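Colleague: Feature table excerpt (TrEMBL):
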- A:8-464: domain 'PTS EIIC type-2' (DOMAIN)
- A:7-31: transmembrane segment (TRANSMEM)
- A:43-67: transmembrane segment (TRANSMEM)
- A:88-114: transmembrane segment (TRANSMEM)
- A:145-163: transmembrane segment (TRANSMEM)
- A:228-251: transmembrane segment (TRANSMEM)
- A:257-282: transmembrane segment (TRANSMEM)
- A:303-335: transmembrane segment (TRANSMEM)
- A:341-358: transmembrane segment (TRANSMEM)
- A:365-383: transmembrane segment (TRANSMEM)
- A:430-446: transmembrane segment (TRANSMEM)
Amino acid sequence: MKIFIDAIMYIVNLGPTVMIPIIMLIFGLAVRVPFAKALRGGLMVGIGFIGLNATVSILTDVMNPAIQSMIKTMGLHLQVIDVGWPSASAIAYGTAVGVSIIPLGILINIIMIVTKTTQTIDVDIWDFWHFAFSGSLVYAMTKDIVLSLFTASVFMIIVMVIADRTAPLVDKYLGLPGISIPHGYAATYVPTAIVMNWIIDKIPGVNKIHLEAKDFNKKFGAWGEPTLLGFVIGCFIGLLAYIAVPGISIADKIGKILLMGVTLSAVMVITPKMAAMLLQGVVPVSGNIQKWTQKKFSGNRKLYIGLDTAVGIGSPVVLACATLMIPVALLFAFILPGNQFLPTIGLVGFVFMFPLIVSVVHGDFFRSFIIGAIHVVIGLWIGTDLAPLVTRAARAAHFSIPKGSTLINSIDNGSDPFPWVFVKLAQNKWVLYAFGIIVCAILIFWNRKKIVAEENAKPAEAAK
Amino acid sequence: MNTKHVLVACGSGIVTSTIVMAKISREIQARGWTGIELTQGTLSDVYAQTADYDLVVTTTPLEAGPDERIISALALLAGDDTAAFFAEFAHYLSLD
């Protein structure tokens, strides 16, 4: 065990741009990708890392002075820079937990399938990063690798059970038969969404409100388009930062504001391209794993194919809610007391939180909006609270973040309930161990009971 | 021959669209189709600029989209039978 951990730590300390190509090459060869293809894949991932690192630098370079200026001239203390989930995922994969998460995740999935504690074949290997992200935050705080891997495992087990239990709703309300969504960011809202939906049901009047989403998208569906959105938000932040600065001419101020707009637009457009390059390197590996697991486990048992939350965003309600969250997040960032988070690049990622919320509320637009908005607003606090840890994890993953006041986080992942709960519990590691074991034990026994009951019901029906 | 432009869109133009792009490119090569240009994008691109493309492929079944030339690549992600998808793909782009 010691040698194993030392070997991982050595590779991690080389930094992700060297480490990840090596790891991906090893994974590629392990799942029988030809050598040249595996090496090219590994290098693409390293290239994506360097690209994402560069976009984070571009962003922090323009945001830092703007934030300082906002603090001085406006008294607005919004000093947490939103780097967006693509960079958050790179941070998660760039740590010791990230290195271990792909084999660990596959192992957990296989054990759960064999013991009938899940019905989901999770072929969405890439999104294991959410589990690694929580683990990485715990690692940044405690430096305890066993506890951090435990955290990632607990997160995954909870998400697998949520995926199984929401699959019938995903079929009915998102039109995705045979598919479940074991996705950390989408599943993190399910427990609280169920509670909030129950409360809304009890409020007379409010429980009768229904809205239609389809026409909304025809009018506003294009608003989340990153080129224009980035420019508008950049100009808005530039305006707040530089309009009241004494001693510079109006022409200079306009110049600074426009520079901010174009730069934010650039980061919003370039970031996904860099992340997509990184993904091109992951695809040969995850493709082979998918082929293998599906061949191995598809057969007489009924199993869901676990996919990315992106397969559920075609529902009009999902898209409409995601578009509406952009103004909600921006507005509350300025008026919520105690908030220091300034959402920017991550604003386009809200779309991924909604597929399971929409399923839980049976496709209702009004309820999805209310539940989403409450989470986004509370998420600003969570994001503020987690920012120092995310920044520390980012530095550990060799992201070049300027020293001093700069903090980074991502509005669409560093502000979720699950990571926050794990981090809070990790302040005493035995509390986290106890919590993890008890919650997982209850969930997997409950899930197994449901799975076995369902399997027994099938032959009985067939016999009739 | 005119180049045919295809937009491949997912939530943010990163994860599922990359997987689908790889599978479509491989099939295009295997079948010897030419003159097809794939562009990666987001669902909001679909609403903003569908008119600029001959065909839009989304990684999610898009309900009530802005146009009719939109097909879902869900089968490519789930690893199901992909023949139906490529039949539709070929039909919209008038390929043999």
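Even glycines carry a Cβ here, placed using N, Cα and C.
Please treat TrEMBL annotations as automatic predictions, because they have not gone through curation.
Because the structure is a prediction, the values reported are computed rather than measured.
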Colleague: Along the domain 'PTS EIIC type-2' (A:8-464), what average pLDDT does this model show?
Modeller: 90
Colleague: How about the transmembrane segment (A:303-335) and the transmembrane segment (A:257-282): do they have 3 or more C-beta pairs under 8 A, pairs 6 or more apart in sequence?
Modeller: no
Colleague: Grab the same-chain neighbours of the transmembrane segment (A:430-446) for me: Cβ-Cβ under 8 Å, and only residues 6 or more beyond its ends, written as numbers and ranges.
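Modeller: For the transmembrane segment (A:430-446), the far contacts come to 112, 115, 117, 138, 147, 150-151, 153-154, 157-158, 161, 422.
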Colleague: Determine which residues of the chain contact the transmembrane segment (A:341-358) at the Cβ level, with the cut-off under 8 Å and only residues 6 or more beyond its ends counted.
Modeller: 59, 63, 67, 78-85, 87, 162, 166, 170, 173-174, 181, 183, 185-187, 189-190, 193, 224, 226, 229-230, 233-234, 237, 264, 267-268, 271, 309-313, 315, 317-319, 321-322, 325-326, 329-330, 333, 364, 368, 371-372, 375-376, 380, 383-384, 387, 409-413, 415
